[in-house]
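Engineer: Can you read through this structure? Questions will come right after.
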Amino acid sequence: MSEPTFKMTPMFEHYMSIKADYPDALLFYRMGDFYELFFDDAELAARELQITLTSRSRDPNNPIPMCGVPWHAVDTYVAQLVDKGYHIAICDQVEDPKTSKGLVKRAVTSVKTPGTVLDDANLSTKSHNYLGALCPGSDAEKGGFAWLDVSTGQWSGVDFRRQTELWQWVLKMAPRELLVPEGFQPPARTLLEGIRLVRLPLSRFDLKRSTERVLAAQGVREAAALGLEGREEIMRACGALLAYLAQTQMRSPEHLQPFLRLDLSRRLIIDEVTERNLEIFTRLNGRKGKGTLRHVLDETMTPMGGRLLEDMLRHPWREISPIVRIQDAVEWFYVDDGRRTALREALNGVYDMERLSTRISLNQGSPRDFIALRNSLAALPQVFTALIEPTTSLLLRPDQEKDASENTSQENGLTQPRALTELLKTWDAMEDCAQLLQSALVDNPPPVITDGGLFKSGYNAELDRLLDLAEHGEQKLQAMLAEEQSTTGIAKLKLGYNRVFGYYFEVSRAAHSGTVPYHFIRRQSLANAERFTTEALKNLEEELLSASDKRKALEYTLFQDLRQHMADQRERIAHMAQLIAHLDYWQSLAQVGRLNNWCRPGLETDGNLTIREGRHPVVEAMIGRANFVPNDFRLDEKRRLCLLTGPNMAGKSTVLRQVAIICLLAQMGSMVPATSARLGLVDRLFSRVGASDNLAQGQSTFMVEMMETARILRQATKRSLIILDEIGRGTSTYDGVALAWAMVEDLSRRAQGELRTLFATHYHELTALEGRVDGVFTMNIAISEYSGDILFLHKLVPGPADRSYGVEVARLAGVPGPVVQRARAILANLERGRDVARKAVVSAVCLPGIDLPETGPEEDMPVLQAAPPRSEHPVIELLRQIEPEELSPLDALKTLMEWKKLWSAQPGSAEQGESPDKHDEGKNSRG
């Protein structure tokens, strides 16, 4: 910030002293009805907010840049700046300017940052807004990471033994701000992912102070009560979070929920790369919303339910027991349309109880926040009724009945699930709070507390009296006038008012100069009249003139008392918010399953996987169910690694993703898009799909691909599920084949356990491993050819594809005809040696211990040398000569029968003992 070169006024001296305490924040300085910014802050704010930049100074040679915004609109402008990543310090007037002497006292009342905002304008309704803290361990490879959603009070932490995994988790949780110790240098990619780093002094990460902060915030005496005993890195990170929160909120964080250390041994681990590749939260182009898995699954009715859905998508279970509890609850709503509909209608009246409670607890709740909370509490009885009342709309069709499984606690689909029973045991209708808010607040209160008009009549006797004065003051004055007229007998007694004397009685001098009663006090003499007051009139005048201010002051006090009372109920509110979130989550999964005719999957502890008529939920939602081709897929002890081949655009990537997504959905407790499914639990889900590069870090597409693949090979366990798509692109063909081959070898060895892999490739050389390497099998996406055109059938069939049809796809994409024709000629020339090349590669790189058939002279030919021409079958020549358009249906049938006989009689045909290898190569997916 530039230093002023003029003699500063007391106001600017005060401004500069406050600015010195918040050098990294834009200081909004309250002056009357505006918040003003000066110097560099003003120039930046004017540019970002597109408001007028002016100046303020008595010295024209040293103008002070200045801009300002009205106090009543400050939240809108602050929200824009926070959304752009700026820190904002709000400096308010902390005393009444009317009663102050000299400079009005001002102080910073809050600091708003991207990771600590509470205003709805800066928050996504159904997504968390995380503040993160990372603490590296004494061992360079260790570290702890904690994250906190200030708006809800939820916070968690995790530690890792490897920095790479730690940073993967940071990128996965994507905090708006990340607190790190001074001098710590994170990976460059973190800076490119939109994560703002905030460097704090090392003292904020001190273990002793951090432990004291955390234990005090949670109200416990030992770290073991929080699962943090011996986990110093997480404790330090949590301490830094609390210190930063106290600094920005100007108070200790009393609204935090119990800390949850995330036990990864109980969760399906999905890293940030896999989330992106599966388009769980964002599409590959980075956009959210339509086209993502979350968008398909989100039938939640409340913000809390939406955020729980987000949590479960990030951290599904890997244990059968909690999954089945969710499945039972989901199915209970799935089969009962009437109950589910009633619950959805009731939940529609529930607002964001978590965030409302937080704002109220931190003294930032507006009157309208209280109304939203009141309406939410008022909806709880309707929610409860929807859960307990019997319904008659149960629909159980054979295709919707759950797969019989010993892992379920239900017998007939009607029994109340255990999870719901336990939920209802802790149900708190909060009738006392609902009645209090209902009796206290008007339905449409003003947005600002100090404006008054917040409370209903009957809530407070003194307030009612002041309201009566404010609303009926004129009537009281007229009643007093009438009483005095009657008492004094002066029928023409008048009541008047001026700014000098206030209210007065006026008596005509000519008519009543000698009849004025003794209790009249003379205030003013005029030529034709006398003006008087009385003690009663003075008292009434004082009450009338002060009633408005007294009413506003009393309402402010009453509102603060009400706020404190509701803040004291924050644990009850948070508990009910969690119950509502779970109900909403269950009904949302049931609604999605019902609308799309999904099934309940069976769960196993082995590595098997069987999916019947599986579909990709997002693709199906985009193109319509009628246009989506479902597929069966199976993995078992003999089929662990699937080599998937087929043309471009045939749907290989869709098949890969849909298998992974079905496993993910199952471990969330959701129904799955299939006719039936039995799935072995997965501990880690890995995906390497699609092309990407990172030019900012000098990383090519191939480099990024290899880095992600290396991570998968290092971190995968025997219970993981891996989907790999087109490994080895971006380099020479031989390099790509060699790398892909070696990876298949490595994964095949691990597949002797329970590791499951789907490997899509255009390197058809790899398909030779089927039958030669245990666990490896091939499948392909079928197509149909007719008159030189290809039709994508999108059907998964056994065996390898014979070619990739890349030239045909290029033609469909609009590549000019001459280029396509030339490509066909070159391809035909290359393919003459294709079979020879494939066998030569297999012979050259066969795995130790794998017995390959002995190769004859033809198989020893160079890889790209064409094979000698073979004699054509007579049927081929007949096929060339025929004119199909000239044949009648009967002639065509006769011709086909003749060809069949000729084919069977020709030596060397499949029916006459053609070699098994050639017969296998003849089986492709085109029809």
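Glycine too: its Cβ is placed from the backbone N, Cα and C atoms.
Here's the feature list from Swiss-Prot:
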type	residues	note
BINDING	Gly646, Pro647, Asn648, Met649, Ala650, Gly651, Lys652, Ser653	ATP binding site
COMPBIAS	915-927	compositional bias 'Basic and acidic residues'
REGION	904-927	region 'Disordered'
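Structural setting of the listed features?
Structural biologist: In the structure as shown, the Cβ atom of Gly651 (ATP binding site) sits within 10 Å of 23 other Cβ atoms.
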Engineer: Just counting, how many other CB atoms are there within 10 A of the CB of Pro647 (ATP binding site)?
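Structural biologist: I count 23 other Cβ atoms within 10 Å of it.
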Engineer: Note the Cβ centroid of Gly646, Pro647, Asn648, Met649, Ala650, Gly651, Lys652, Ser653, the recorded ATP site, then list each other residue of that chain whose Cβ lies within 8 Å of it, in sequence.
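Structural biologist: Same chain, not in Gly646, Pro647, Asn648, Met649, Ala650, Gly651, Lys652, Ser653, Cβ within 8 Å: Ile781, Phe792.
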Engineer: When neighbour density is defined as the number of other C-beta atoms within 10 angstroms of a residue's C-beta, which of the binding-site residues Met649, Ala650 has the lowest density?
Structural biologist: Met649
Engineer: Including all protein chains displayed, how many Cβ atoms other than that of Gly646 (ATP binding site) lie within 10 Å of its Cβ?
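Structural biologist: Cβ-Cβ neighbours of Gly646 (ATP binding site) within 10 Å number 30.
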Engineer: Which residues, sitting 6 or more apart from Lys652 (ATP binding site) on the same chain, put a CB under 8 Å from its CB?
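Structural biologist: Listed in sequence order: Leu644, Thr645, Gly646, Asp725, Ala760, Ile781.
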